[in-house]
Amino acid sequence: MATNLLNRFGQRLVAFVAGEDGSERACADIPEQACHEQRRNFACNLANGAASKLAEQLAGPNLVLVWLLQLIGSPLWMLGFLMPIKQTAALLPQLAVAGQIRRLARRKWLWVGGALMQALCLLLMLPVAHSLSPAVAGGVILLLLALFSMASGSASVAFQDVLGKTIAKGRRGRLLSLRALVGGLLTLAAGALLSLLRRTDDSLALVQGLLLAAAGLWLVSAVCFALIREDAGATEGARNPLAEVRHGLTLVRRSSGFRRFLQLRALLLCVELAPPFYFMHLHSLGLVDGSTVGLLVAAVGLAQLISSPFWGRLADETSRRVMQHSALLATAAALLALLLTALPVAGLQKALYLLAFVLIGLAEAGVRLGRKTYLVDAIPRQERASCAALSNSLVGLLALLLGGLGFIAQSAGALSLILLLGAVSGAAALLCQRLPEADALLAALQAQD
């Protein structure tokens, strides 16, 4: 009796969080069995997001891995390659993965395998700092980051596909925003913890503790994703990478709306690459002290908390506007960075820079949620994996070319680069005006079939 009551309470709680009105409706775009399992899958996916997003903050290349390379004395040029390696290694392998994912009746196992590989890479970083010279250790960490990111990128193809099969269209944006919301709460806690850890003496041991904790969280996230009930799908039609490229390019040629999405995705890359350069500018102003890293992590968590409810609801209505508003926020953050350089009070400068980090965090969260929701809502189910892989791989090539931004920041100054990225964000906001709504693009693509 007590077990039944507990199960009913849990189902009602999940239904409330998922935005249901008590009926299993709005399931026209997912299989009937998946509709019945939607509450369970929503809860498992949400728990998976909580664990994985906290893991990303505890061992992220934008702050924590930068700190690790500094502590072991690695060459400075290696610090500038952390984010480009993460972006490129995560995105480039996806064409091959999308071609072969069709062989898997249940694609969730690809995500589970990717999470296990990410945990392994973090665990392998632990002995590197003690056993190798600074330069060699830095190189090995970059290599492990590349492997980590390849696993992450491959898993993201599976995530898009599993999301489209298990969660109905009207609830996907809410789920993604709730994942970010819970991740934001945990990130605030992680930021407070980092602020305390930066004040201690044995920083290297504490950073390694963060890596160990992140590895454990990736294992937890793998278990949560494995518990998702995914119906077996069709396994025919697997393509090799070259065939996948040709198929993806066919979609580009026949759809002007998808071409505009690819152009917009390329411009919005400047938002995702920007945070390390804001940190470089903050450091150049002499405003970085022992607690700064933790405060910046907390600022990102606050941005996720603020953005998640708003972005999620707006994404379910119009993911195009989410991307447009996010681009405008990134431009505002760049202008704020310019403004605070004229202020004479260091304390006020630091406070405003935390606000700039909140703005860029809002923009980054909106870009990620907006483009993911747009891709799932605008592309027919059978083409989602190919379109996600093509767009991600093209952006991965661009990220590799942008790996030299660190040298530009070093020669021209971080502020100059921030203003350039802000201008590109403004151009992205203008391009959003020409991007069709997701429903319109989906109807156009289905009419061509």
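Every residue, even glycine, has its Cβ placed from backbone N, Cα and C.
Heads up, TrEMBL stuff is auto-annotated, nobody curated it.
In TrEMBL this protein carries:
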| type | residues | note |
| --- | --- | --- |
| TRANSMEM | 64-85 | transmembrane segment |
| TRANSMEM | 109-129 | transmembrane segment |
| TRANSMEM | 135-159 | transmembrane segment |
| TRANSMEM | 180-197 | transmembrane segment |
| TRANSMEM | 203-228 | transmembrane segment |
| DOMAIN | 249-449 | domain 'Major facilitator superfamily (MFS) profile' |
| TRANSMEM | 262-281 | transmembrane segment |
| TRANSMEM | 293-314 | transmembrane segment |
| TRANSMEM | 326-345 | transmembrane segment |
| TRANSMEM | 351-369 | transmembrane segment |
| TRANSMEM | 389-408 | transmembrane segment |
| TRANSMEM | 414-432 | transmembrane segment |
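A contact between the transmembrane segment (389-408) and the transmembrane segment (293-314) is absent, since fewer than 3 of their C-beta pairs, 6 or more residues apart, lie under 8 Å. Ranked by number of Cβ pairs under 8 Å to the transmembrane segment (262-281), the listed stretches 203-228, 351-369, 414-432 are led by 414-432. Panel annotation: around the transmembrane segment (109-129), residues 52, 55, 59, 68, 71-72, 97, 101, 137, 140-141, 144-145, 147-148, 151-152, 154-155, 157-159, 162, 204, 208, 211-212, 214-216, 218-219, 221-222, 225-226 of the same chain, lying at least six beyond its termini, place a Cβ under 8 Å from a Cβ of the stretch. In this chain, the transmembrane segment (414-432) does not touch the transmembrane segment (180-197); fewer than three CB pairs sit within less than 8 A of each other, excluding pairs fewer than 6 residues apart. Taking Cβ pairs closer than 8 Å, the transmembrane segment (203-228) reaches residues 40-41, 44-45, 47-49, 51-52, 54-56, 58-59, 64, 67-68, 71-72, 108-109, 111-112, 115-116, 118-120, 122-123, 125-126, 129, 162, 166, 194, 197 in its own chain, all 6 or more past its ends.
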